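Heads up: the structure comes next, in structure tokens.
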Amino acid sequence: MRKPVDSIDTDDLVGTIRRHGNRSLVPTGLDVISEVLVKVRGKVPRSEACDGPLVSSLPPPSFRSSSQLSSSHGPVFAKVNRREGAGGWSPLVSDSYQWLEVDLERRTQITAVATQGRYGSSDWLTAYLLMFSDTGHNWRQHRQEDSLGAFPGNSNADTVVQYKLDQPVIARYLRLIPLDWNPTGRIGLRLEIYGCRYTSDVANFDGSSSLVFRLSIRPSRTATETIALKFKTMKNSGTLLHAEGQRDHSLSLVLEKGRLLLYHQQVSVAVTFTDPRSFLQLSGLTSWSSEVVAVALQFRTWNRAGLLLTFDLPRPESTVRLYLSEARLRLQIDRAGRATLELSAGSGLNDGQWHAVELISGPDCLSITVDKDEGATAHTSVPLPLTADIQLFFGGCPEQSGRGCTNPFHTFQGCMRLLTLDDRTVDLMKVQQRLLGNYSHLQMDICGIIDRCSPSHCEHGGRCSQSWSNFHCNCSTSGYRGATCHSSTYEQSCEAYKHKGNTSGHYYIDVDGSGPIRPRLIYCNMTEDRAWMVIQHNNTEVTRVHPSPEQHQHSAHFHYAPEEAQLAAIISQSEHCEQELSYRCRKSRLLNTPENFWNAAFFDKETSYLHFPTFNGELNADISFLFKTTSSSGVFLENLGIKDFIRIELSSSSAVVFSLDVGNGPLEVRVESSVPLNDSRWHSVRAERNVKEASLRVDQLPAATQEAPAEGHVHLRLNSQLFIGGTASRQKGFLGCIRSLQLNGVTLDLEERAKITPGVRPGCPGHCGSYGALCRNQGRCVERTSAFSCDCAQSAYTGAFCHEEVAASFKSTMSVAYILRPPHELSSNGSVPPPSVHSDTSPRGENVSLSFRTLQSPALLLYADSLDREYLALLINRHDGLELRYKLHSSRDVEVLASGVTSLADGRLHTVSIGRRADAVSVQIDQNAREDFNLSSDVEFSSIKSLVLGRVPGSYELDTELAELASLGFTGCLSAVRFDSVSPLKAALLHPDGDVVVVTGPLVQSSCGSSSPAKTHTAETTHSLSDQPGSADPGQPLVNAIRSDSALIGGLIAVVIFVTASALAIMARFVCSRKETYRSRDVKAAQPDDGGGQEFPASGRADSQVAPGDNRKEYFI
């Protein structure tokens, strides 16, 4: 029953429980309170020395056992170094159901246990379990490190083996259960317990500790029984007092949400079903000939499925099974020759809590009820005629049961108590003594269920679920991966994405890897020499400054979306940071830090190493780094403990090994590569260890995993220094480079430590060997001190990897002239000469490439001339075919090379590549076959004066036919124009202020060179923290949200912008026409000329998140 009390505060309170005569707060079955258990918060003082022997002075009644071989083998003789009787205790049968129990007569602090075999025999234990109790029942198993339950025993009958407990245990009763013994003998034991008396006047409790008081049992009860206590707490819930009586009744005084509640319940004995061979068999009752039959029990489990009860009915022939499936209670009745009957009730019954089940069969009805909830009751009109000769099987079936027990489901793993047949509670202590029923592989008088999710080993918000022997972490919405959601799915910087070949775009960045900071969506600006992380704030509008007369200053607040910890981590790992505010008159640059992605060290001796403080990764550890070497073996990393260790090494030219020991013996994870790893190229290594498994991944090879023992040690205890590139165990050190070494998301500063360490040099050269292939389109990889970059000077492309086309839309009046004069003509005035067009080729040949898109024919694409009145012209003829005209000698006629590919003026993008070596000319258009031509003679094309794109100015001396064609200009799109090492269009767009480029008309960079109008330079994918693992590549930029809600919002915004822009355009046109305002030269040039012509508009990006452009003045990098 419950009696609620008013809410309390944190002042001292006095709680009183009284019983007056026959008027009691509890049923009269609680005649005499024999034991009081108090459990609140705090800790108990300990004495300085607590290692005295406790067993030697105990009287004979303090010893009990499951059985004894004879009177001379009784438990009273189980004292260390004693020879009375048969020299120790031995049970009647040597099996795992035997036990020896010691009553220490009062609650005692136990610090160690010692065992010895039976004197003068071959009987001793080799392994055992320890159980503790304050009451003599409801035993709790002692586990070292909350996982290891077995204790090592003896190797002979005489040696005393002592085992000190990691943490002292406070208990009155100790029970030792043999697990294994000498195979040539039997169970034999002498025992000693070490500790001290447990006393405390004032007790503070931490929520898991408790005190037990034994009250004198009086033969008669008094009129009033009182228990009083005073408590003070800051918590609103907890058990204050638990009292037990002689008739298995108890009282509990509980604080729940600031209210005092009094509970009464009956004390019960629990039994644990541990493995698939566990079962409990009971016979039916003689009273079951009556019309109403009831079977009830309570259970708790973590498993979603398992058999609770099964029995056969002879008339009619049928089988009844009560079981769990999908965490619901189900009743199944298989009837011979008839349809199977099924009932279900309850849900979520695998929560580890006690649940009550009741099966009631009447004359014309059958029902099952869960937790006495009317809403969780199922009924049927089919009765169950139970009789006395029925055998009930709980939890499972015997291995050789024959007819009478079949189990098509999983066996039950969990605890049961309060088994009731009709109104009679089954005495499980008689079952343990083999006086009632039959059983196998059960733990009696204990509920051995373990909560593996409290505390949870799942990190970063991963959801923990568990079964009887294991736990699982659901990482699907966390942004992390691994057995415990420890490792981040995303990279830690834009630099890391760049080295995977990714271009500019939005990416999720996890700045501290496996640390506590959450991933953040950040724009990565991949430039030719750097990868910038660009973070926006909320104050990008122009702000007028009005300083006050008193302070002469202006205050502005800038709020960045990332949290302060994220910003601090981004700054700390950056090579260079800028916070730029644009003013009308000046700029301010703040913040500069030295750390970077390339933090590296070079080990040039096998005996050299770097050392750091001890690595702290007791339960979870992740280690990642990159290495480059020509050596076939070497140790990357090692940290030792007294017995534990962790090590990563290159064991051969194609294998990396991750080995560790946490007390269960060495565990090794190996990854074999099909290609050599000592090829002087960068290779990545990532090792992770948690309480469930150890894993290793090298480059993009499949990860190798080794599971940890389910009931083994879990804490990795290290105490030596952490060695990098070498070892303390005399193994071969590492020769080569290690960079970007991170332990649990923290970057170790290898360069700073290398500066003061002999045999190790900071930094590491030779990055182009690994990353040079990322530079495309004639881009050149350039080595830097601690990085690489792509030099696009000789390429017609731009961008971080020379991958972005440089394109522009032309009108018929526009032209680009790139002036090229030989160096000797400029030597007289000392000017710096422009790049030579033949700097990388011979005058007897040239390489020309470009892409174009047009509807115009004929049209001149490119014109090159020399001081000797020689020229090269690339054009589209009147038949929409490509034509190449050479005049390489003033006294010879023009040679025309016409391609067989036609229909080039179709508005599609076409790519042309031309190569000449002496008199041999090759032409390739798109993916068509290469066409080969020959000139009439081998002539040099030297002293090139200029390159012209678009309309050729009238000052050029051209042939009549070519002059007519050149006057038409070009209308369309040109991109990626390259003449040997010169890119005239790129120079005109990106460096228009130079003296070598002459531009006529409003030339503006465009994306018209894309293969399709809708294509952008990056892949358009969406990825968020809520995506399932593997649903999207985290290395892809996030530039286009494709969810329906985003599309709807984007559509509405587009409509609003279009209507607004149209209205503004009409108003501006009206105002301008009324006031006769002038138009700028660029606007005039943008108007179509008289001849007409089609302009190919630039295809804009489809990014849903606008990338910061050059015109944005407020940004944080």
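Along the chain as shown, residues are numbered 1 onward.
In case you wondered, yes, glycine gets a Cβ from its N, Cα and C as well.
Automated prediction, rather than curation, is the source of TrEMBL annotations.
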>> Quick test of your reading of TrEMBL: among 526-562, 1081-1117, where does it put region 'Disordered'?
In response: 1081-1117
> Under an 8 Å Cβ to Cβ limit, what residues of the same chain, 6 or more beyond the ends of the compositional bias 'Low complexity' (53-72), are close to it?
Replying inline: 78-80, 85-86, 89-93, 97-105, 108, 110, 186, 191-195, 432-433
>> Check for me, if you would, whether the domain 'EGF-like' (765-803) reaches the domain 'EGF-like' (449-486) - at least 3 Cβ pairs under 8 Å, residues 6 or more apart in sequence.
In response: no
> Quick one: mean pLDDT on the domain 'Laminin G' (269-447)?
Replying inline: 84
> What number of additional C-beta atoms lies within 10 angstroms of the C-beta atom of Cys737 (disulfide bond)?
Replying inline: 24
> Per DSSP, what is the residue tally for the region 'Disordered' (49-73) in helix, strand and coil?
Replying inline: 6 helix, 5 strand, 14 coil
